[in-house]
Amino acid sequence: MATDPKTYETITGPGGELHQQTAANGPHLTTNQGIVVADNQNSLKAGARGPTLLEDFILREKIFHFDHERIPERIVHARGTAAHGYFEPYPAAATYSKAGLFQTPGEQTPVFVRFSTVAGGAGSADTPRDVRGFAVKFYTGEGVWDLVGNNIPVFFIQDAIKFPDLVHAVKMEADKGYPQAASAHDTFWDWIGLMPEATHMVMWQMSDRTIPRSFVTMEGFGIHTFRLIDADGKNTYVKFHWKPKQGLQSQIWDEAVKTAGADPDFQRRDLFERLDRGDYPEWELGIQAFDEETANGLDFDVLDSTKIIPEEIVPVTPIGKMVLDRYPDNFFAETEQVAFCPGNIVPGIDFTNDPLLQGRLFSYLDTQKSRLGTTNFHQLPINAPKSPVNNFQRDGMMQMNVPKGRANYEPNSLNEAGEDAGPRECPVKGYSTYAAQDIGAEQGDKLRVRPESFADHYSQARLFFRSLDKAEQAHLASALVFELSKVGLEHVRKRVLSNLVNVDPALAGRVAEGLNMDVPAASATAVPVKDLDPSPAVRIIGGPLEKVTLEGRSVGILIADGSDGELIDRLTSEIGDAGGKPILIAPKVGGAKLKDGSLLKADAQLAGFPSVFVDSIALALSAEGTAALLKEAAAVQFVMDAFGHLKTIGATDAAKPLLDKAGVEKDAGVTGLDDGFLAVAGSKRHFDREPGVRMLA
Ligand code: HDE
């Protein structure tokens, strides 16, 4: 054990043994009352084999605290992981907003970002088909700003009042307690079929966006229309976008399913490993900025969160970048206790009347009290602003502050008696709400209604589907077939199909065919469905954020006895030079005996490291190694899956029998291990291989 003399102290135990103790908070183990513990292994007993004594305050305190270690998990987005980093504005940012964090190009504002799945519990797997949360806490000089978004730019519902029903429907069924982390069941699709406004989001949800390869290969979206207010009080409407420098990348559905079994922590591990090796993920913050006139000219209402503004109509202007460079020190204290609230906003940013956003402004503050147990949750280190907090709010459970004096009300004149009078409001620096006299201005009768401008539920769903690449369309149709095949209620399947006819009759036909059902008549629509111009920006395959690179991507190099050390060395260094991550996989983790007789240690054992963990594979095998691996199902599956998941496969000539046994057919993504391999390995997946390996709808 490496010891730092400053933080460790060596003491002699009662039996003469040596103990090394950490000195982060002093060298000795203590109770919560600071009493040094002499023995942390044995409880206090009346006689060596006698009863344990109630008197043992050390035992009681330890077990008492342990019994209460868990807090309620989040109602949604329970499973997540997080990282620290910073945000830096570009010069453009200040032209739109007076917010302090946007004023000085290059000046860093610390951030904490939590990525999550939505439906599954805290202990569920990382890779279900699910929307991902993308929540960013900015610790600005003017207070905390939370941009609590998702990896999809639209939402299921237009009004917050429907949220509890949506969540009940998607979570595990109330009587059965399953399925966990899956929308493929009766109650979700029952609700969706009855909720046409959800159709657009369902298209995104069934697309490859909900099976991201990594948290760092996702886009993020603020979804709602917000406002930026400049120094002159001018309002600009904005939609926030996070564009990943790593590009967009998704898994194949079969791969995601297998990943969940092989490593339920796949995405959180991926994030930690990237940060560990200094491969810091980066996103550009962009805005779609528009004025009221543009808003009024669109085919839909910008206050409706089930709609995008196509980037082809209002382009995204980059206003800054965010880098994640440090993982949390403690999962519970930081990732679990972080409390995001869309209501946390700073001067220069403001809300709109989007009825979904308005409901969220209440929900998050409220839920933190139930989750963290006290209104003082903002005092936890991960939630505390890095700017001063100064007010007359007092007391409450777990109060950490010790305010001095008796000024706990305002106004007061205690200063006139020479006492500390406490803080006062500041109209100049203070947050002032934008006096909205524009879209959605506060006016009119009290009504429980939805505006007419929210009525078109299908045109953008059609736009999305028709904008996708062919392979993505096939994935989407197949995802619908998969999910609806898990729905036992036939009338529910039928209703969803009749909604799909409105999206695209051909899509409905493909899904019906996949279910072996007839295509029903289209469901009634409130307004006629329009053919809007396609938006190529929504694509992953062939879209603006698809990246052909080895940077940040991994290559699994399979080695076995007899492998050529020189070849392995060359591959490893070339992959590293290209910014990729080589991973040596062998039947035994202790290593393989190479051609020259030396032993090369592996990074992973083949049986525990299926090819779903990497982006491409290299079979650096000798004839001897290949012969042995032909009898190892994990090796055959390794290759078969890489092929089925459309990955590049590089192989020595000697590995050919393994390729044959795995059913690999030669195509542009199957190469030798010469110089060409890296170029192909860094390319995108080989989607043209797909029709030959699986039947898609
Ligand atoms: Fe959330 N949402 N949400 N949501 N949401 C929560 O807050 C809620 C919505 C999102 O990593 C909860 O702290 C309502 C849209 C993320 O800690 C809860 C409505 C978007 C996270 C809640 C929505 C989101 C949450 C559960 C409809 C994308 C995880 C625990 C009006 C823009 C944050 C918690 C984290 C979490 C309520 C809709 C994103 C219950 C009522 C739209 C990323 O407060």
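Even glycines carry a Cβ here, placed using N, Cα and C.
What TrEMBL annotates here:
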type	residues	note
ACT_SITE	HIS77	active site
ACT_SITE	ASN150	active site
BINDING	ARG74, ARG114, PHE163, ARG360, TYR364, ARG371	heme binding site
DOMAIN	30-418	domain 'Catalase core'
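All features noted in TrEMBL, drawn onto the structure.
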{"residue": "ARG74", "record": "heme binding site", "Cβ neighbours (10 Å)": "21"}
{"residue": "HIS77", "record": "active site", "Cβ neighbours (10 Å)": "23"}
{"residue": "ARG114", "record": "heme binding site", "Cβ neighbours (10 Å)": "24"}
{"residue": "ASN150", "record": "active site", "Cβ neighbours (10 Å)": "24"}
{"residue": "PHE163", "record": "heme binding site", "Cβ neighbours (10 Å)": "18"}
{"residue": "ARG360", "record": "heme binding site", "Cβ neighbours (10 Å)": "22"}
{"residue": "TYR364", "record": "heme binding site", "Cβ neighbours (10 Å)": "18"}
{"residue": "ARG371", "record": "heme binding site", "Cβ neighbours (10 Å)": "16"}
Cα of ARG371 (heme binding site) to Cα of ASN150 (active site), in Å and rounded, measures 21
Reading the DSSP string in three states, the entry for HIS77 (active site) is coil
The rounded CA-CA distance in Å from PHE163 (heme binding site) to HIS77 (active site) is 14
ASN150 (active site) and TYR364 (heme binding site), compared by Cα position, are separated in whole Å by 15
Whole-Å Cα distance, ARG360 (heme binding site) to HIS77 (active site), is 14
Between the two most distant Cα atoms of the heme-binding residues ARG74, ARG114, PHE163, ARG360, TYR364, ARG371, the distance in Å is 21
ARG114 (heme binding site) falls, by three-state DSSP, under strand
